[in-house]
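According to Swiss-Prot, the protein carries these features:
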type    : residues                                                       : note
BINDING : Leu118, Gly122, His123, Leu124, Glu243, Ser351, Pro352, Phe353 : (6S)-5,6,7,8-tetrahydrofolate binding site
MOD_RES : Lys227                                                         : N6-(pyridoxal phosphate)lysine
SITE    : His226                                                         : site 'Plays an important role in substrate specificity'
Amino acid sequence: MWKHVKQVDPEIYEVLVNELKRQEYGLELIASENFASLAVIETMGSMLTNKYAEGYPKKRYYGGCEWVDRAEERAIERAKRLFGAKFANVQPHSGSQANMAVYLALAQPGDTIMGMSLSHGGHLTHGAPVNFSGKIFKVVPYGVNLETETIDYDEVRRLALEHKPKIIVAGGSAYARIIDFKRFREIADEVGAYLMVDMAHFAGLVAAGIHPNPLEYAHVVTSTTHKTLRGPRGGLILTNDPEIAKAVDKTIFPGIQGGPLMHVIAAKAVCFKEAMTEEFKEYQKQVVKNAKKMAEEFQKRGYRIVSGGTDTHLFLVDLTPKDITGKAAEKALESCGITVNKNTIPNEKRSPFVASGIRIGTPAVTTRGMKEEEMEEIAEMIDLVLSNVIDENGTVKPEVREEVSKKVRELCERFPLYRDKIEGVEI
């Protein structure tokens, strides 16, 4: 593997090998990350990357599209079957571009949209001022009840009645509870708004049938294809409304994109096929079991979990009672081979670059085959590290760093990722 890269560009070869080592021997707990199968990776690295295919299957602006048409048709068919949708667009390069396409298809610049506040668990593209969504549209953010730390649906309704948004966005990047899509649709209908659900984080759970399917209530659904879906990096748009489908297709191409990434679209098709298996369903069940177990283990050790737990693949740990910042915790854990990300919490008092919490997700460690027993081990290691941080830069006592780094390596060696499947690379 990578022998041609090694010959042509030793510097990038070194990057590939060292990143492989980092993934193989480190604990990946970033909720938005996962490990794609070699089938997905091989497809992404194929000669399909050479082909331009502006347009849609059978309606291209270039010749020679017979085989890429077939790849995109398979991706569309499988996405529709997987999520029970009548229409699917598999061309978005990312989740952000999927969201942009829906906004521009259903609203005009200057129109009002509602989305969850970033500091309460939303996403940049749901109306953050620094993002295109916050610059192009008038944004009315909603949040969580500060006591329950779950979505305040009465407040969502009050804001919707007051501001009459064109689009209401449900979904987030750091919200651990199941969202009441029915309630959101009722609110949207009451004010004549479109309901858009961004299921990027929990799409894999939906595909496996262990999480409510937002398509039952949403006018349109967006997603990424990595994260819990465990596919290539990319976006997806689903709807049951033919008029919305037409508008979305025109907005993706020629509206905001040119040539689609055919190597990625083919890899999406592979990912969707993998997601139809019983093995994938069992995997998703274990992802949630692992998240619940790890959250419980943190609570046993005196940590506060935002909203008191999780229904999904992720949870937020409030570090305020431990007198450590999210930034320091992230650095401390990374020095021991454990990757998480700092994250704001509801009613955040610190900058997003410092934050008071960390977000933890179980998709990647579950892909390795880890179960509840290992979640207890991981929680114990994280607690040991965070209890031995000696400064605001996240420096860990040397003896603790050495001890935990060794334990992380041993745990990862018990659950190999790629090393027993890749030939020609010594790691």
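Heads up, the Cβ atoms here are built off N, Cα and C, so glycines get one too.
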Local Cβ density at Phe353 ((6S)-5,6,7,8-tetrahydrofolate binding site) - other Cβ atoms counted within 10 Å: 10
Protein Cβ atoms within 10 Å of Leu124 ((6S)-5,6,7,8-tetrahydrofolate binding site), excluding its own: 17
Fewest-neighbour residue among binding-site residues, criterion Cβ within 10 Å, set Gly122, Glu243: Glu243
Largest inter-residue Cα distance among Leu118, Gly122, His123, Leu124, Glu243, Ser351, Pro352, Phe353 [record-listed (6S)-5,6,7,8-tetrahydrofolate binders, Å]: 42
Cα distance (Å, whole number) from Lys227 (N6-(pyridoxal phosphate)lysine) to Ser351 ((6S)-5,6,7,8-tetrahydrofolate binding site): 26
Integer Cα-Cα distance in angstrom, Lys227 (N6-(pyridoxal phosphate)lysine) to Leu118 ((6S)-5,6,7,8-tetrahydrofolate binding site): 19
Cβ neighbours within the same chain of Leu118 ((6S)-5,6,7,8-tetrahydrofolate binding site) - under 8 Å, at least six residues apart: Leu124, His126, Ala128, Thr344, Pro352
Which same-chain residues, if any, lie at least 6 apart from His226 (site 'Plays an important role in substrate specificity') yet have Cβ under 8 Å of it: Ser32, Glu33, Asn34, Ala36, Pro232, Arg233, Gly234
Which same-chain residues, if any, lie at least 6 apart from His123 ((6S)-5,6,7,8-tetrahydrofolate binding site) yet have Cβ under 8 Å of it: Gly115, Met116, Gly171, Gly172, Ser173, Asp198, Ala200
Local Cβ density at Ser351 ((6S)-5,6,7,8-tetrahydrofolate binding site) - other Cβ atoms counted within 10 Å: 11
Residue, out of the recorded positions Lys227, Pro352, whose Cβ gathers the largest set of other Cβ atoms within 10 Å: Lys227
